[in-house]
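**Student:** Below are the features listed in Swiss-Prot for this protein:
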type	residues	note
BINDING	260, 265, 284, 345	Mn(2+) 2 binding site
BINDING	265, 343, 345	Mn(2+) 1 binding site
ACT_SITE	272	active site
ACT_SITE	347	active site
């Protein structure tokens with residue numbers, strides 16, 4: 001799909017499908033819209049009246065028009081109340097238009113949307129993101145794709161002439177989101193630790209990033225006993241991925257994104273039983289997928305920020321070599337961990353990844369992981385949990401969430417809860433009592449960051465959508481890429 005920019009007035013546009021956005025309870029046709037309705041022989045007013053269209057957010061109505069009108073189809077989309085108008089409103093409204101246009105076999109859509117905050121650049125970028133994310137289709141694993149009908153070929157953004165840079169930025173970010181979606185959606189026999197390392201190498205080759213892949217023996221030399229303990233049972237070699245983007249000159253900040261990378265999680269010897277969703281555990285590398293997606297986007301945008309993209313990637317499998325419940329592992333900072341549940345493995349891999357990252361002398365680290373079901377119980381499917389002792393970093397991430405539309409909610413890091421992780425024979429256990437499980441998981445990770453501002457994002461909910469939700473169809477969402485890119489780009 002091509003996105004074109006036009007300075008053609010709404011009254012002069014002619015083509016296949018015209019899409020117009022209206023605010024809730026402000027659907028009266030005055031000014032330019034009144035003139036357009038007159039030109040269209042009252043079709044707009046008739047559509048609003050007959051369909052009882054009120055402009056509710058993301059609601060749409062559609063009609064075909066007679067041959068004497070300069071457009072063949074009309075879509076009206078609601079923006080909700082004016083006082084609730086956000087940049088995300090445009091993203092979701094554009095997605096709604098794209099879906100209706102595709103369903104109605106529109107080839108070319110002329111899109112008339114208002115500006116958010118009088119900012120044509122941010123508005124154009126958001127619209128382009130919403131359209132592309134909504135219309136993305138993943139048919140890689142279908143021999144005969146179901147969705148092979150008419151596709152939207154071109155969308156013209158009316159009144160956005162000169163915003164080529166905004167569209168280019170949207171394309172760069174969306175390319176990272178789609179990479180993350182593809183990695184998460186692919187089954188575990190398609191995306192393995194080896195595949196993830198090859199993907200990172202391809203990003204480095206395509207965009208000039210530095211890369212280091214630590215093999216098992218390299219990790220052994222660094223004392224990564226927690227990560228390697230999880231990797232013991234797999235027949236596939238673990239891969240510790242470290243991509244680095246460095247700008248020309250002196251960077252204004254040095255940051256790291258660390259993603260959990262379990263390409264499949266069986267639960268280990270504490271195997272996931274019937275009804276546990278074990279068949280969905282290909283998604284347990286959603287953090288690493290977002291990390292690589294962010295790397296792809298950042299490498300194209302080229303900000304004046306040094307960014308490290310790190311993931312310890314392996315499977316959590318079952319074999320005679322597997323770690324046992326009750327084993328004691330030693331992480332690379334010397335801390336010992338009693339494994340009281342082999343299905344709490346993600347935090348073990350992250351422990352060594354965080355120790356490694358903490359030694360790089362950075363300004364801040366953000367890790368993201370499909371870490372706990374407890375976070376999903378607390379916040380549902382749309383919202384990631386934010387855990388950090390650093391108020392400034394929390395504020396940066398909350399602002400990035402607001403701009404990107406990827407929701408987060410700051411959760412407490414109640415230090416008293418660490419009592420539940422104490423072990424009688426090691427420094428700590430890898431799980432605590434059931435209450436506050438997402439908090440104790442974050443407190444566990446906190447033990448492996450000593451010198452750097454740090455935040456943890458538990459993305460177990462929003463990494464996957466069971467049903468259509470805005471610009472996310474059912475399946476992998478690519479959650480985290482846009483949030484992290486906005487964080488990196490923030491001043």
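Quick reminder: no glycine exception, Cβ is built from N, Cα and C everywhere.
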**Student:** Tell me the coarse DSSP state (helix, strand, coil) of residue 265 (Mn(2+) 2 binding site).
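**Tutor:** Note: residue 265 (Mn(2+) 2 binding site) is in a strand by DSSP.
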**Student:** Compute the mean position of the Cβ atoms of 265, 343, 345, which form the recorded Mn(2+) 1 site, and then list in sequence order the other residues of that chain whose Cβ is within 8 Å of it.
**Tutor:** 230, 262, 266, 267, 268, 270, 272, 284, 316, 342, 344, 346
**Student:** Would you count the other CB atoms within 10 A of the CB of residue 272 (active site), including those on all shown protein chains?
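**Tutor:** That number is 17.
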**Student:** Considering only the recorded positions 272, 343, 347, which residue has the minimal Cα-Cα separation from residue 260 (Mn(2+) 2 binding site)?
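**Tutor:** Nearest listed residue in space: 347.
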**Student:** For a quick check of packing: other C-beta atoms within 10 Å of the C-beta of residue 345 (Mn(2+) 2 binding site), how many?
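**Tutor:** A 10 Å sphere around the Cβ of residue 345 (Mn(2+) 2 binding site) contains 28 other Cβ atoms.
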**Student:** May I ask which residues of the same chain, at least 6 positions away in sequence, place their Cβ under 8 angstroms from the Cβ of residue 343 (Mn(2+) 1 binding site)?
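**Tutor:** Non-local contacts for residue 343 (Mn(2+) 1 binding site): 265, 267, 268, 270, 271, 272, 316.
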**Student:** Name, in the order they occur in the sequence, the residues of the same chain whose CB lies under 8 A from the CB of residue 284 (Mn(2+) 2 binding site) and which sit 6 or more residues away.
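**Tutor:** Listed in sequence order, they are 260, 262, 263, 264, 265, 316, 346, 370.
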**Student:** Through the lens of DSSP with three states only, how would you label residue 347 (active site)?
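**Tutor:** Where residue 347 (active site) sits, the three-state DSSP reduction gives helix.
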**Student:** So which other residues, same chain and not among 260, 265, 284, 345, have a Cβ within 8 Å of the centroid of the Cβ atoms at the Mn(2+) 2 site?
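**Tutor:** These residues sit around the Mn(2+) 2 site: 230, 261, 262, 281, 285, 316, 346, 349, 369, 370.
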